[in-house]
2 protein chains.
Amino acid sequence: MTPTSSSTSPLSEFALIDRFFAHATREGEHVTLGIGDDCALLRPPAGEQLAISTDMLVEGRHFFADVDPRALGHKTLAVNLSDLAAMGARPLGFTLAIALPDSQPAWLSPFAEGLAALADRYACPLVGGDTTRGPRNLCVTIFGSVPGAQALRRDAAQPGDDIWVSGTLGDARLALGAIRGEWTLSDGDLALARRALDWPEPQVTLGLALRGVARAALDVSDGLLGDLGHILERSSMSARVNVDDVPRSALLAAQTPAIQRMCALAGGDDYQLCFCAGSAQRPRIEAIGNELGIRVTRIGTIALPDARRTRLHLHDKTGASVAADFKSFDHFQ
Amino acid sequence: MTPTSSSTSPLSEFALIDRFFAHATREGEHVTLGIGDDCALLRPPAGEQLAISTDMLVEGRHFFADVDPRALGHKTLAVNLSDLAAMGARPLGFTLAIALPDSQPAWLSPFAEGLAALADRYACPLVGGDTTRGPRNLCVTIFGSVPGAQALRRDAAQPGDDIWVSGTLGDARLALGAIRGEWTLSDGDLALARRALDWPEPQVTLGLALRGVARAALDVSDGLLGDLGHILERSSMSARVNVDDVPRSALLAAQTPAIQRMCALAGGDDYQLCFCAGSAQRPRIEAIGNELGIRVTRIGTIALPDARRTRLHLHDKTGASVAADFKSFDHFQ
């Protein structure tokens, strides 16, 4: 692409990839050609489909400039692994395109370590990339594989399906609110909440276990109610959700009811799975949860849309209606 | 990801994709699920490998802020198609992640048109994406397929191979130099050169025709000599190149010898193919060029490395040695 003049750093593009990302790169069963050619070459498992997702992270918007780079490396890959998890796909590899104001070895080294540690854990190697100079921006594209008929699509929810959520929701938003000064937390509580914000764990193993068990699924990244809304819209369904059943941590449960609801229902950055499954699957799903040590909670039921086409009907544990006026996050709203 | 507060535009993330990129999106033979789920689903041709490349384009670095957005849409996809071409891969689809300061419909509309026109031409649909707010940044990841044994890799050049170049080199760099004030061109000449800079044509059809004919290949994006150096390094070979044989347009051939050599040998942004093939393939390659209406030119020969491990030996048409002191472009040098 068009070169504009600049010359400040002794570290070349190729050396940068070699030096910092070599340990996230390897050729193997599915990667027949890695970094260093015009393209990487991947051999997907025969008969399976390729699941692809891309996410762009911008400094000041998706992460703070002073975030721990090791945590950012982890999270950059985690949010993409979470998209594979939500599809029931097995990770195959990923590309990383990165813009930095300069070559920043002191920042890149821990960033690459955080990224590589998670890549190793899910056998998901870095297969290609691009490095350039510019305002800090990270773009990961990830590839997984899934038998086509078992993919957990958003458009597959059926009337009568249970709605499930993994883990607990809202701690990341609780941390963000404290950082922003919307509310206060003790140092210990903030450190606890901040772990959820900075080190989300993608639910890859759960997604794989739910193949053939759940019908529809997605990952909760922009807030439960907004994300569930995508399933309802794509499946042309409505849902009844008991907001008091939405799982929250002991830390969040100790906050005011208003903070609890805002964080758990519309918080964002949770990276848990929300999935729909027939009621006959309840014992199987509870067994999966026990086996994996992952909390799974039923929070509501899918139904055909009513005459007024209201998608989401919220109520509390007393059965009283709750207004669905929580906004999920939209980058251009 | 972490929402930071902002609220300036009436256009939502989903509406933005629907409105501007719908015509670049379609499900078809190889795309079983497009935009709107956690992942896209692709079904690659049975028995073939998946070729993957990613490129990040930053405003002010890879393109000027005032560039025609239609041309930029074209070029954003063209540079990625060019990577598939260089691998001999057939396009299957691509993802686009985009950061913009605001939703900019007046800019996005022609950008998406330029992108979609090229996507249509190569049957390469948009299968997924991400939109966010931030300094303008475009990241395309592209997928193609190629029978593994026919992939045009950089590490496959053999002693005695001819070195070939498609089209002509240097016009994009000639335009850039005029825009930067390094030299002057008449308005008519600048418009001609600028077409090469703004509307590069990826050599996808040539790449496909060279399967089983050429051994090593890459696309000339950072300057011929630097790019050829990648083949030499990955193949552990050296090369003799006649710099006067490097093909250039009539426009470039009318410039001073110094400008000609700088632009043709180290210019960048050409997106032609440089490829190596056994000399027995000459008639076949010339026939391919004639059939496709693409100029193909032999510029040199691959050899085993000499004792001094000099990779690149340049000479002119008189046989006199030429110093190989042209630098190719590196984003972090």
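The backbone N, Cα and C atoms fix where each Cβ goes, and this holds for glycine too.
Features reported for this protein in TrEMBL:
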- B:D38, B:S53, B:D83: Mg(2+) 4 binding site (BINDING)
- B:D38, B:D83, B:D219: Mg(2+) 3 binding site (BINDING)
- B:T54, B:D55, B:D130: Mg(2+) 1 binding site (BINDING)
- B:D55, B:D83: Mg(2+) 2 binding site (BINDING)
- B:H62, B:D269, B:F329: substrate binding site (BINDING)
- B:G129, B:D130, B:R154, B:S221: ATP binding site (BINDING)
- B:D222: Mg(2+) 5 binding site (BINDING)
- B:36-144: domain 'PurM-like N-terminal' (DOMAIN)
- B:158-302: domain 'PurM-like C-terminal' (DOMAIN)
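Secondary structure by DSSP for the domain 'PurM-like N-terminal' (B:36-144): 36 helix, 43 strand, 30 coil.
Reduced to three states, the DSSP call for B:D219 (Mg(2+) 3 binding site) is strand.
Once Cβ contacts within 10 Å are tallied over all protein chains shown, the binding-site residues B:H62, B:R154 are led by B:H62. Between the alpha carbons (Cα) of B:D130 (Mg(2+) 1 binding site) and B:D38 (Mg(2+) 4 binding site) lies a span of roughly 11 Å. B:G129 (ATP binding site) sits 27 Å from B:D222 (Mg(2+) 5 binding site), taking the C-alpha atoms as the reference points.
In this entry, ATP is bound by B:G129, B:D130, B:R154, B:S221, whose most widely separated C-alpha atoms sit 31 angstrom apart.
Rounded to a whole number, the distance between the Cα atoms of B:H62 (substrate binding site) and B:S53 (Mg(2+) 4 binding site) is 17 Å. In this structure the alpha carbons, written CA, of B:S221 (ATP binding site) and B:D269 (substrate binding site) are 5 Å apart. Ranking the binding-site residues B:S53, B:S221 by how many Cβ atoms sit within 10 Å of each one's Cβ puts B:S53 at the top. Candidates B:D38, B:D83, B:R154, B:D222 (binding-site residues) were compared with B:D269 (substrate binding site); those inside 10 Å Cα-Cα are B:D222. Counting every protein chain shown, the number of other Cβ atoms lying within 10 Å of the Cβ of B:T54 (Mg(2+) 1 binding site) is 27.
Reported as a whole number, the C-alpha separation between B:D222 (Mg(2+) 5 binding site) and B:D55 (Mg(2+) 1 binding site) equals 13 Å. Rounded to a whole number, the C-alpha distance linking B:D38 (Mg(2+) 4 binding site) with B:T54 (Mg(2+) 1 binding site) is 20 angstrom.
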